[in-house]
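Quick notes on the structure that follows.
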């Protein structure tokens, strides 16, 4: 999904070079090999510029340079690295990342200027955090779910701040969340303030690498602090009592370990997933309850709106597909078209 797609032959050569490094780590170096120790396995816990922090098997963190032959390196990558030795002047030499293991998954986001950019690697699940304050937005949840389905990374929906609900409000929110439970998504109701519901969430995170996604103000950082036992400093986006707006903060993507087991990558790049780079067919596939009806419409070019003989529209009318989800599907398509129009207009100005 890179901006300049490699040919099959080029990709084979890149993969072959990486495999040689993984096996031997003895190709011609861009650093003096005498400065480094034996190759070891590690995981990237943060990346900045041409340096990365790599955690070794014993839990120590090492600042490393990155070989120029490595095309892409992000937080969560599993790597072969070598520790730096003590230089003659008594100065410790940084370690070096020699090669990157094949990724099981990669989280990406679109960028107007750089194409699709990787954010994190080897993610097992995306935790979609929403809240009743400043507003429970099913449209935002649906956007995240489309991104998860497109990336083929399992989502979990977490509704935070349930301590602010009375019985009537809880019943309404549960009715809204049943829309997602009924199509196979896992939904957890929690409060980072009272810590209600944290135990099931801890169990869902154990033994997996997760990334939390959510708009400013939903309590994502407060929730992470509660799960981490306040052992780490993750900036909190508090909600103003007057405006209801979250305070914007930015940090580098970093991997943390939960005390109960499992890891989380905290990244500012997943506040909101852009979908404008996707094709309409990918958005349609991102709504899992549509799958049984695709190909059953009267016309092959059906837009799944007011077209006669639309199987998806009929399923909505019969109550088999939630009308809210159907409406959000079209809102997403409309927003994509608007963004692409603005992008094309901007491109013509350059």
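Glycine residues also receive a Cβ, built from the backbone N, Cα and C atoms like all the rest.
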Candidate ranges 1-33, 34-66 [criterion: Swiss-Prot lists as region 'Disordered']:
1-33
Could you give the Cα-Cα distance between residue 222 (GTP binding site) and residue 304 (Zn(2+) binding site), in whole Å?
40
Using a 10 angstroms cut-off on Cβ to Cβ distances, just flag whichever of 220, 304 is the loneliest among these binding-site residues.
304
List the Cα distance (Å, whole number) between residue 310 (Zn(2+) binding site) and residue 214 (GTP binding site).
33
Find the one among the binding-site residues 160, 214, 216, 220 whose C-alpha lies closest to that of residue 302 (Zn(2+) binding site).
214
Would you kindly give the Cα-Cα distance separating residue 304 (Zn(2+) binding site) and residue 216 (GTP binding site), rounded to the nearest Å?
33
Mean pLDDT across the domain 'CP-type G' (104-273), rounded to an integer, is what?
85
